[in-house]
Every structure is written in C-alpha cells, then in structure tokens.
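The block underneath contains the structure these notes are about, expressed in structure tokens.
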C-alpha cells in the first residue's frame, strides 16, 4: 500500500527569521486585498497572485497565458506563475517588520519564558516591551546595573550625567539584544550550581529557569527567535474572502488583523525615513507590537481588538483552540462524503445482519458504482450517459443497483456514539419509503427507539474498508458488550413478554396430566384444542439422540423449537435474564453464526406469541391491596406518638425527622410486599407479568400505580417527611401532586446536567487512554496483583469469580486440600477454572494485570487477558485504551448526580455517582476525607481535655502516632482494634495521594479500582476491572525527579517511568550516580496534558500553552498514539493499521 505521509515523527520548534523568509514566496507590502471594480487581487496585497499563485487554474493575472501547456511559465507582464490554483492553500508570504516585536506566547504565557531566561519579572518585561521604561543593556563604566529599569526622567538624567558611557534601550529591540547575549551553556552551569547550594524559593526559581534554559540548549532554538523581525503570512485560501449575494464581502478576521499590522508597519517605515521625533516613532512601534499581539493571540493582553458589533476578532491562536478550532473541528472529526441520514423505523422481518435502506438514498450513495456497472454491462455507452440514466432514474437502474448493493455492507451510526457499538455494519436491503429500517435487536446497542430518532449511513468504499466492515463490524459479530462481556443483543420488550407468556405454567388448565409419545403429538393436540398452551403434560422428547421423559407444557415445546439442539431442553419460565443466559451460552458453545440464527428465531417467536397473547393493561389490572388502609392507619398512629414525644421535648427535631422517615419507609415497604403477594396470587395479571418478565416497568412503578407513592425529596434533595399516601390508581390530592412535582423537576434538570458531565468525562478518559494499544505477546513481568472479593462493609460488591474470569494467572494456583494444580502460571482462567477455584474455597488469587505490565506505550496480551467482546485472549493491535474509556464513560449517564443528604445524620454530604467517579479519576483531595493510620498497631481512642484523639501504638517497634479527631467525624475503630498502615480510622473517602505515601503504589491502585467499582455497582452497572485498571495505569505512569544524580533529568520534572529507567541505566553503565524519583498520581486531565505527544495534548485542552512549551523544547512527537496519527492523516497504529498489516493487499474475488 502506497502511503504518502509515511514519516516516523514530527517535530515542532521556533522558526528563525531566515527560516520564515525561506518559506515565503514574496513580501506582502500593501494592506489591500482585492480591487473593488475588477474583483481581482491587488498586486503586493494580502491576496496577491504573484506571491501566492493564480486564482484560476493555469491562468495568469493579466491573461497572457491561459491553458495547461504553459505550465510552470512565469508571465513576463504580471509575474504570476502559471499553475494550479490550489497552491494558494500552501504558499506562505511574509511581512518585513520595520522594528522587531516580541511574540506574545513566549512573553505572556505562564510562566513567562522570556522572563525566566532574562531573570526579569513579567511586569518589568512588559514595561520595556510596551515602551514605558528603558532597560540598561550595557552599563559600561557607570554605576548603573545591567537590566535595570529607568523611567523617562531617570534615563535623561543618566544621559546628562554619563553621556554615552552606557547603553540603554526600550521595546523589543532592547530585549532582543539581551536575549542574543545569553550564553546558554554558561547559564546552565551557573543555575545547576545554585540549585545545589540554595534552598526554598530561590531553589524553586532556579529550577524553573534551568528548565527553560535546558529546553533551549537541547532543542537548538535560539532565545532571540522569540522576538520577531519578520512575520509569516498564511496562505490566502486559509483566510478566504467570499462575495455574498448582496455584493458585499465576507472575510476572515485574520485579514483584518494582518491589515492592521501592514498599515502600522508601513506608517512606521515612513516615519523612520522622515526621521520623525522619537516619541512619535516610539508610539508607532508600540502600536505595531500591539497589532502583532492581536494577530497572534487577540485578547491575551489588554482589551481584544473588536470587529463590527463589538465582537472580538479571531486570531491565529483562536483558530486552533476549543471545539470549533482547527484540531477538534477539522483534524479529529471531519465530514465525509458517501453518507446520508434519515429517520429510523423498525424492521421486524430483517435478519440480524441486515438493514433496510430507502431506494432513493441507496441510489445516491452507490451512484458511482451503479454508473460503472451500467457501462460494464453495456446498458449505457459511456459514463456520461450512465450518469444521465441514474439522474433520470430509468427502470433498468434499479436492477443494477440491486446487484451492486449485494455483498456491499454499509455502516449505520446513531449519535451520540457513546461506545464502539454505536457504529455497526449491515447488509443493505432496498426498501420503499424514505425511512431506514433497523433490526429490533440492535436497538439496545445504539440506544435507539422509534420516536423520531435519526441515523446516519456511510458507505465503505475500498476493498479493504469493505473487508473490515464485514469481518469486524457486522452487527451479528458484535453480540457481546465490550464493557462486561455480557450479550448486548438480547430480546427486549414484546419479544420478552412473548417468550414469557409461552413458557408460563397454568395450574389446573384444560387437559392437565396427559401423556404424549412425541412432541409433534403435543403440538397437534394443542392445535386441536385438546390442551392449552400452558397445560402441564408429560412427553417423551428426543434430546441429542436419547429419549427423555419430561414434564413440561406445549408452550415450552414450541419455545424449544428455535433453540439449537446443543442447548435443549429449556424447561423453566423464561424471563429476560434467562434469555440473556441462553444467548451467552449459545455464543460460548456455538459461535456467533448460530447465535445469529437463534436470535432471529427468538425475535420471530417472541413477536408472534406477544401478538397471540394479546396482553393488554387496563385500570382493572391495577389492584390496590386490601390491607393498605390498616397499614397506613398503624403508621399514622406511630407518627402521632412521636409528635407527642417531640412536643414534650423528649426527642430532638433530628430524631423526630429520622424516625418519621423510617416509619413511612417501613409502611411503604409493607404495602409493596402486600401488593406483590396480591399480584402473585393472580399469575396472569398483565401489569405484573410485564414487570416480572423484565419486559417493561419494575416493582417501584407498580408500587406507585397500586400501592403508595411514599416519600418524596424536596429540591435540595432532603426527604420531605410528609408521605404521599395515595397511588396513581386512586389519584393524588393537590398537595400530594405539588410535593411530587419537586422530584420530577429535579430529575429532568439532573438528567440534562448529567449528560454533559458524562460526555466530558468520557472525552478526558479517551484522551488519557488513547495510546494504550496491545503491543506484544508477553512483557515477561513476574508481578501481578492479588484479587479478593470487593466488599463495602460486609456486602460483597464484586465476587472473586467475576474478577479472575478471563485473566491470566500470575502464579500456580493449587487446591489447598488435594494439592491438585487448578491453573498454571501464565494460563488463562476460564469459566470452568474460575468455578473450581471458588469451590476450592480460595479467597485470594494472584493475576497478571495491566497495572504491573512492563510493555512500553501499551500493554501485552498476558497482562490484559481476555477481550470481552470476543471471549478470547486479546489480539495484538487491539486499542484497549479506547475500549476502556468508552466502557467507563458510556454508563456515565446512568449514574445519579445527586449528592445524597443522609437525612440529618451529622448533615454531611457523601459524594456519589458521577461526581465521585470524576473525583477519583482526577485524583482530587476528597471532601470530608478519612484519617488513615501511617503505621501498623493497636488503637486507643480517648477524650483529652475536650478534644478527641486516636493513638496507634505498634507493639513490636514501640512507635506511636497520635491523630486528633474532630467531633463531627465518625470513628470507625474501637480501642483495642488491630489496624494496618493505610486503614481508615474515621469514615469517609481516603485521599489517594496520602495512600501512596503509606501503602505504596499498589495500595493506591487497588483503592481507586475498588472505589470506582463501588459507584458503578451501586447503580447496578457492571464494568470489568481491566478497563478501570487501564485508566489507573495511565494516571501513574510518571515519576517526579527528586535528585538528578549524573543524569540530564531536571529535579522536580515529571518523566515517564520507562524514560527514567533508561536514563538511569545509561548512567549506571558509565559508572555514574543514578537519579532518584518518586511515582506520582496524576488526575486524568493532568495526565493527558503530560503525554509525550504534543499533538495529542494540544488537541485536548490549553492548546496555546501546550504548543508554546513544545516549541521551546523542540519536542518530537513519536506518533505512537491514535489521536496524533488521525491529526496528521495517517492510519492509526492499531488493528489493521499496524505496520505488520501495511503491505497486505485485499482483493475482491468477483472482479476478475
């Protein structure tokens, strides 16, 4: 495969004036743009054809040379080269400045790079640059100091006193001289010495200066290049000027900004030629400096330059920044052709891998293919007549379209694409009408419904793209959800209720207890009306070659007809969970092809019997339990009792509130329990059937319909202690209705906020993980992590079995009693092995983990284990980072925003839901954090003169630590308890940074993992550990240098672990002293910005800051991640984009 942009890495640096002149195709001398009469570009202006190239292909400005044959000729009259007009997108010009100006990025950024190099404060630097003060460049023999600032009067006095014995100046010229004088090597040596000697603020300042000096020294950039003598002018097509229909012109803001620079520059030139007084020239230079500032980064200093309507003009920096900037708008996401969108409707008769494509849409999308085929089949004589045929929609076109579309998959996508299942490939089937038809089973993956949702269609063009769509993206291949390995294509709603209805038993139905010799007899008896669908019968049934006698129902026999032979016989009530199990089982045993058939069978059967059952609900189905009244009266009595106690002052307001809430909660529970009993008695209650089968609705909703609504929360989230006693069947009173609107309104507001927060979290996660790719088979590490059940108090949140399944054992696991080898080291733990380990009562297993993987720039297959979407060990090249980010981000919207107010208990907020996940991943210091012990030992809790404290005493070493505790804090331990370093003494979240100090890296990793899991599990969302591990690994990949030893590393800087080890290895090999460092935990935003790739960081956040730093350091981007490669338009280095697939040619069979 020919790759045009086949380069290894990309470097950024400062441009020297000579470099800028070398890029340029000519100097822009005039501020004019185009001639208002001829509408042709003015010569030497911002759109000049002589500099930037012709506006029309192969045609010079004056029209002397027209046609391709003059290619490359430079016209002797107008000086325009005859060439393609698209060179106007790539040719730069330049402006020669009459006075140097500073580049605002380097003077104004934080920290000010210019200021650090010159050891001046940004304030004094600003005074010099904007012509407020003079600066002494060379004091000569005078008592003045170098870099001393002088006001106008002080300067005059000094001139009178010392004459020309000293040299001072103002503006960028003076700064340029100072910068040019700097000897970087000498300065670097001085600073290193100072760092060794000094302490405190001075050392920190020296460190920061050394960082900048080293950057310049290593990158080969010269400090004086931060001052501009010449400014590049970007190509005119990138700052276009277009005529609007009213004859007016719309132009890019950059043209205005360039015009101001050119105007001021030309005026300054004229003033200098005339020899104008100093003060006027100075003012003009200041204005030129401000104009250049506005061009580079408008609004960074002072008031932004505004256009018409007081709108700040968009400068070069703004062109890159933010969602609308170049990076995110045009480089990371582009609009594509061969795409369309339309409303979706359900297509129940489609197969799992098909979608219905409207005819006119298909014709438009596959137009070139149809035209080629028309010519090839001899229906049209040439491409032009073929095009005419397609445009006039001749009848023969449709037959050709049918052929073209066969075996050519299309991609369907629904926004928002929260995970990779939001884009899948289908085989198109032509349909009448203008709506896309979707298979009902893929709706869950897309989160689609048919209330007006729209979907986009894309056509993969090349043979390679088609092959990938068919082999990797076909919907029937994406049955399992990558986040937890559970099937995502499971029958829902009608299909569930159909299967449920079909497999229900009805005691005492017609013909109960009859015996049959063969399943076909049963069906016949049912069709003849001898027995019902739900009758209990006995039958001899052939299963895998042997005859078994079963007690079952005709419905279940019909249900088993769609089940593959290997999985029969399913002889129980089938609800949604059971369907999920059947699909999982089928996928594991029979692969996706047969599972596809099974799913289509279940779909057809479910719809059919849901229709036959005719399940309806009416107000009659909602039966209010008889006991409700008694329960309520009882509760009212208890509440009245408490009110009396409260009025007598026997209990506090808080206690009263808490008890009332508890009473009503208990009452609601009782009503619900009675309601369920009532419903279960009548097994065929339709409302209950829907909830029980998992088709729609849940017990909470039925409780509100037929039980009581219970307690509601007010806008702040506090529970109102006045319950809603009525249900929707009886109807609410006005007050009850009013109270319940609070909750509803808050719910809507929350959902809106949550969606945005969740999207932003996903974006940060993707950014931090995007370069985690499976790079090799085995990294050879001996490390691993020990896993046990994850518990919250005594409740098991995540079982050991789930945690070890599909992982690779890091050591042999042996049965504690029999000594039998259950799993060998480096062997995958399958379902069977996991079951054995649990049944052997082993509580702790050491597994390979991403957290301890030694692969650089990625992970290895052994440490990652099984790819959950395919149920087999992960392939090399899989972008597991992106999968992890999507798996954590996608359920984000389901997490509640609510900061729960535990009704009145010490009134403290526990952060939960999405904000808690964010707090963990951003490694923030949590609110109300727990106090943890730093040593192992025994606890003593005591009150000491009005303050509480906990002392931990280590019996072996005799070490003691005392922790003062506030009275608000809730203590978790008692005197005499044994604690270990890192255990909590009070309740609350732990600060992960403290945990690293006490328990080391591993402790912090496991804490973060368990805490994130807790939040998701509380909401009933299952996410596999390995996804969270990938993110935590990325948060911990940097070390902070403490002592640089003999290496080039700077103390206090953040360095990648592997880079740090490399540097040390080099130094040790030479017999030098290695550097020391400590691991740091970075939040995901910080970690994204600290990545090695400046392209990735710049496209994430703080674009200008990242680019400023990268340019000064002369950073090289090794293009290892996905984003960097997307930005420069290369194939991503994952999956089939890896080097090893580069030269494989895909050939379509049917063409030859």
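Just so you know, glycine gets a Cβ as well, placed from its N, Cα and C.
Feature annotation from Swiss-Prot assigns Zn(2+) 1 binding site to 60, 62, 75, 78; the stated evidence is sequence analysis. According to Swiss-Prot, the Mg(2+) binding site annotation covers 449, 451, 453. Per Swiss-Prot, Zn(2+) 2 binding site is recorded for 779, 853, 860, 863.
Everything Swiss-Prot records as a feature, shown here on the structure.
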residue : record                : contacts (Cβ under 8 Å, 6+ apart)
60      : Zn(2+) 1 binding site : 49, 54, 66, 75, 77, 78, 80, 81, 82
62      : Zn(2+) 1 binding site : 75, 77, 78, 80
449     : Mg(2+) binding site   : 443
451     : Mg(2+) binding site   : none
779     : Zn(2+) 2 binding site : 853, 854, 855, 859, 860, 862, 863
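Listed in sequence order, the residues of the same chain lying 6 or more apart from residue 453 (Mg(2+) binding site) and placing their CB within less than 8 Å of its CB are 343, 344, 414. Listed binding-site residues: 75, 78. The one with the lowest count of other Cβ atoms within 10 Å of its Cβ is 78. Cβ-based crowding with a 10 Å cutoff singles out 863 as the top-ranked of the binding-site residues 853, 860, 863. Same-chain neighbours of the Zn(2+) 1 site beyond 60, 62, 75, 78, judged by a C-beta within 8 angstroms of the site's C-beta center, are, in sequence order, 61, 63, 64, 65, 76, 77, 79, 80. The Cβ centroid of 449, 451, 453 marks the Mg(2+) site; residues of that chain outside this set whose Cβ lies within 8 Å of it are 344, 448, 450, 452, given in sequence order. According to its DSSP assignment, residue 860 (Zn(2+) 2 binding site) is in a strand. Note: the Zn(2+) 2 site is recorded as 779, 853, 860, 863; in the same chain, 776, 778, 781, 848, 850, 852, 854, 855, 859, 861, 862, 864 also have Cβ atoms within 8 Å of that site's Cβ centroid.
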